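Asks: So TrEMBL lists these for the protein:
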- B:6-248: domain 'Thiazole synthase ThiG' (DOMAIN)
- B:95: active site, schiff-base intermediate with DXP (ACT_SITE)
- B:156, B:182, B:183, B:204, B:205: 1-deoxy-D-xylulose 5-phosphate binding site (BINDING)
């Protein structure tokens with residue numbers, strides 16, 4: 001009866017992951033709660049900072065931390081950041097983010113595969129962030145990834161589900177949870193990803209750039225749940241030609 | 001604090017309207033409850049039938065009935081059906097549906113305006129179903145409509161929000177509730193309509209053609225609520241070029 | 001063998017109509033020639049002006065003039081402008097344009113039908129500009145229109161083929177030439193309209209706002225011809241799932 | 001004045017490349033001529049076959065052959081096929097196609113980079129076929145590719161320009177010709193790719209699956225030329241809100 005998301009050895013009932021960049025620390029706890037997020041991402045830098053600005057103080061204890069390797073330009077740097085994250089107490093979950101392009105910030109799939117292999121061997125629960133590509137996803141599966149996180153659109157763009165066709169291939173053919181990450185700009189787009197059969201959605205910029213951050217976090221959670229429910233309920237057919245009346249069109253007046 | 005939808009003299013807290021065509025009477029009460037629908041549409045024929053098949057027995061008493069004039073091919077017939085609906089106890093709410101095209105079932109905007117004027121004068125709360133068109137919507141406003149119900153796509157097609165551009169004009173320029181009706185096939189599309197600022201969404205075929213009708217009714221309700229919440233929270237900007245990192249990209253390793 | 005467009009009693013080999021607003025009179029003849037346009041629209045005002053600014057002096061004699069009733073806010077005004085156009089020597093072709101909305105400039109379908117009926121009775125070859133709507137198109141057919149000109153998007157917006165679904169209904173079900181008008185912003189969009197089976201396309205703003213007006217006029221003409229050729233050649237099927245190799249994928253190395 | 005496409009040491013005036021799979025040898029010469037194709041792809045197997053079915057006999061001498069490595073499942077096999085192609089007289093141009101996925105036939109970007117490096121070193125003019133990805137394209141540039149051939153959609157699907165966003169990045173940021181390959185199903189889509197600034201388009205299945213193969217080849221050529229011309233002419237702005245009349249809307253009747 002329970003519909004849970006399993007990643008590594010953990011199990012989650014929430015399928016909405018929240019990123020914590022670009023908005024104030026003060027809003028963090030409130031947003032995480034509104035989002036009912038059980039996994040929260042943050043840059044390691046923000047976890048390492050001393051004093052009151054350490055983001056960890058603002059994230060509820062019940063939440064699984066998913067530090068990312070933001071700042072890494074290759075596999076070696078990503079591995080180094082991951083190890084540091086574990087050392088400073090962020091746990092075994094790690095989101096691999098390797099970016100050498102500074103204009104569009106597109107992930108480097110090849111370096112991400114390398115880092116995944118190394119870190120999976122070291123016992124990390126590895127969630128690699130990639131441009132959706134079936135061959136890359138298969139390589140990540142073989143490398144020991146615990147999930148795959150394909151981007152919907154360039155990070156921070158709020159452009160929506162531009163890679164739909166390619167994410168669908170991963171959903172259909174890869175035996176790992178597919179968590180749509182980056183580019184989702186509206187709850188309706190998160191809902192659509194879930195309707196396609198994605199296992200979860202992560203949002204950050206779409207929440208952070210809303211006028212009311214906390215309400216938007218909640219709206220995303222609701223939309224993700226709606227999309228999951230619709231997926232499980234089985235969407236109806238699309239009619240490619242003509243219309244089909246819900247109500248009887250003829251005969252009434254002749255009764 | 002309360003965010004209510006006002007139509008005529010009534011006020012509703014739910015913004016999801018459910019149509020009851022194409023699925024079994026037995027599922028009706030359950031679906032209405034799952035959808036938390038406060039307004040339910042049905043063809044008058046189904047309310048007039050004798051015996052156990054009368055749909056009204058399956059619709060909770062707390063719900064506002066919205067009989068439609070399905071079967072009407074012109075204003076005269078729509079008016080006649082509306083009066084019958086009132087006579088048989090369906091109340092004052094009436095959805096005008098005038099269809100003379102039997103292939104695509106596209107509403108006749110001109111005849112709908114005429115029927116609206118007559119019925120509004122007779123004290124009905126008139127909700128006209130139309131192809132979205134700014135001039136038609138202004139005429140309906142002048143004719144005394146209580147709301148305008150533009151179609152998203154051909155009725156029963158599940159094709160989604162094809163008329164987005166033209167529904168947006170109604171939302172921005174018409175001082176009546178805009179209830180998106182017909183063609184919505186997925187909860188994500190209902191959510192998107194609400195994010196645009198629509199006041200409510202009606203679905204029927206999308207629910208009726210789902211594998212699990214009751215769950216899909218619930219999924220729609222959740223998506224509509226998510227879209228409304230997102231609209232009120234204020235959506236973030238879309239970045240047309242490049243990306244924008246949520247996490248700091250540089251400097252970490254140099255610390 | 002010849003693929004001609006018949007409107008009223010005239011026959012044309014070009015399926016690209018050019019509007020002449022928003023760019024300099026000096027470029028007009030050159031653009032008309034580059035576009036190989038055989039029908040050219042212009043506001044009557046520009047044909048009536050005295051002296052060197054009269055646009056008619058810049059339009060080649062071989063071209064059929066299609067004055068529009070721009071400025072008309074109802075059927076009566078449109079009829080008056082049409083009659084004036086004939087009086088000042090613009091001929092019998094008239095494009096009905098009735099606009100009472102000053103923000104989106106959406107045509108008034110109901111008033112356009114009225115004007116069409118009156119002018120068709122007076123022997124005009126009437127080309128009404130409308131929001132695409134199957135019932136309106138049928139009424140225009142009955143009213144004696146010589147063609148129907150549905151908009152692709154709000155006039156002057158360059159937004160492209162937003163009303164595709166509804167234009168397709170007209171192409172499939174109306175026995176009049178369908179000329180897509182307004183909103184087309186790129187040659188590829190004009191090409192797509194022709195591939196759908198539209199009989200012709202009119203562009204104005206897309207040409208007028210290009211950096212090089214004359215080259216863009218030519219590009220549109222080429223794209224319209226390409227789309228027509230593709231329509232006649234019969235487009236291939238779309239594969240909804242998977243891929244399909246053009247070249248043999250296996251066996252080669254085993255030869 | 002001349003607008004030519006340079007690939008390796010050769011220069012072309014046509015920007016439409018034709019693939020020769022899936023249609024009869026007898027139509028090949030006619031289609032190549034109708035398409036005005038100066039570069040033609042084919043599987044090496046078809047060039048190696050003995051007797052009358054050797055495709056090379058059907059391709060005009062003036063055309064540059066672009067054999068592909070179809071059938072290769074990794075870099076090693078691709079390199080082997082490329083060398084064979086040169087040996088049997090197909091010249092120095094080679095399209096690298098490495099496919100290990102047999103369902104969607106998605107190219108393996110990583111193996112393609114390896115093969116490109118080896119073959120470029122051996123003096124081939126290498127045109128690698130890839131899933132569009134900015135990092136991959138940069139690696140191909142560094143590996144000595146002469147152009148990059150990103151897919152628009154799964155090969156043979158006719159689904160159109162699904163990867164628009166990611167192809168645009170290559171056009172904007174990579175100093176190699178970008179030739180859009182695979183998935184283009186209609187001339188309008190080829191035209192749109194050229195309007196974005198692509199250097200050329202290759203089609204095969206869209207031509208081969210048309211009712212009239214030769215006419216469709218010609219339609220594609222025309223659409224590619226139209227798109228190129230539009231790109232050079234400079235597309236006009238898109239208006240995101242409201243409309244903008246081409247003709248004067250007011251004052252006429254007051255003259």
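Cβ from N, Cα, C; glycine included.
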Asks: So if I measure Cβ to Cβ from residue B:182 (1-deoxy-D-xylulose 5-phosphate binding site) and keep only same-chain residues at least 6 apart in sequence, which ones fall under 8 Å?
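Replies: Correct list: B:129, B:149, B:151, B:152, B:153, B:154, B:155, B:156, B:202.
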Asks: Out of B:183, B:204, B:205, the binding-site residues in the record, which is closest to the residue listed as 'active site, schiff-base intermediate with DXP' when you go by Cα distance?
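Replies: Result: the closest of the binding-site residues to the residue listed as 'active site, schiff-base intermediate with DXP' is B:204.
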Asks: I'd like the number of other C-beta atoms within 10 A of the C-beta of residue B:95 (active site, schiff-base intermediate with DXP), please.
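Replies: Excluding its own Cβ, residue B:95 (active site, schiff-base intermediate with DXP) sees 29 Cβ atoms within 10 Å.
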Asks: Return one of helix, strand or coil for residue B:95 (active site, schiff-base intermediate with DXP), based on DSSP.
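Replies: Assignment for residue B:95 (active site, schiff-base intermediate with DXP) reads strand.
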Asks: Return the maximum Cα to Cα distance in Å (whole number) over the record's 1-deoxy-D-xylulose 5-phosphate-binding residues: B:156, B:182, B:183, B:204, B:205.
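Replies: Taking every pair of listed residues, the largest Cα separation comes to 9 Å.
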Asks: Long-range neighbours only, meaning 6 or more apart in sequence with Cβ under 8 Å: which ones does residue B:183 (1-deoxy-D-xylulose 5-phosphate binding site) have?
Replies: B:151, B:152, B:153, B:154, B:155, B:156, B:157, B:158, B:159, B:160, B:161, B:162, B:163
